[in-house]
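Trainee: TrEMBL lists these features:
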type: DOMAIN; residues: 2-40; note: domain 'Meiosis-specific protein Spo11'
type: DOMAIN; residues: 73-134; note: domain 'Spo11/DNA topoisomerase VI subunit A N-terminal'
type: ACT_SITE; residues: 102; note: active site, O-(5'-phospho-DNA)-tyrosine intermediate
type: DOMAIN; residues: 183-354; note: domain 'Topoisomerase 6 subunit A/Spo11 TOPRIM'
């Protein structure tokens, strides 16, 4: 599902008009039945190697009816938020999901209700969420060789110092991106990201760019990684824990998630490579067993789920690593490398991997 609107405003208003016309046509066919808005599709996606997980065009949807006691409140909340979005787009202003919640916190009840409705509207109208002029608060960080200008004209120069730059809230608005970076490294955890900065890894491997989503990446961090790759086409590597949770995060960056499959084209970077920590690295480096952690039942279920996903068919080396983890019934955090030396990760492991091609 690709979006190529003349601009975010045109995309939103055109989509809204198409949906309004479809609802009116459906009402006429139903001979006076109450209006129903089709909300987000139930999770159903197909996999395409060059894009990732995509929403199936004819997937099952759920209907929110105005005369149903079970859904009348949801219907009203959708209309309420849709009217707020309309005003934002019309006036070319932006708001965060948190801003929308606090316009009437008693009505919305909780932040999750607002978040879900905004995603429903985005999926219902088949437009990227940024076209709704609703921004997410960023939690990610970026460091390294990168300069850009934000929408308001603010010039940002990222550095390799210990103080990283916050990922912008409006990725669509940044422009004039400049870098000499030879690669982009995505780091799963903030603690590892900060340790690499403290060890001057970014400076020693310069020019490069480092990004962290501090765990499961937020929308803005994923949009930024996608924008950097689209703009510069430099190699993108990921550094995650050798556990099912870390591999899940790698998969989100590379292939997307079921919940956001309707925006796959603007979020995924299928060329991403898994740099580490690989389960085979644990054996190769003779990491002692007391530095490893047994897989929990939840870990095993997550691992089984990943092994069954369609994109694993295209990644035989990934499958081999995952099966190695499943057979050992053990996982390892990146910090397990400190057994070898305190700065082994930044001084030996990553430089050698990047120099000699130790990724899959």
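Each Cβ is built from the backbone N, Cα and C atoms, and glycine gets one as well.
In TrEMBL, annotation is done automatically, which means it is predicted and not curated.
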Trainee: Can you tell me how many other Cβ atoms are located within 10 Å of the Cβ belonging to residue 102 (active site, O-(5'-phospho-DNA)-tyrosine intermediate)?
Mentor: 13
Trainee: Would you report the average pLDDT that the model assigns to the domain 'Spo11/DNA topoisomerase VI subunit A N-terminal' (73-134)?
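Mentor: The predicted confidence over the domain 'Spo11/DNA topoisomerase VI subunit A N-terminal' (73-134), as a mean pLDDT, is 86.
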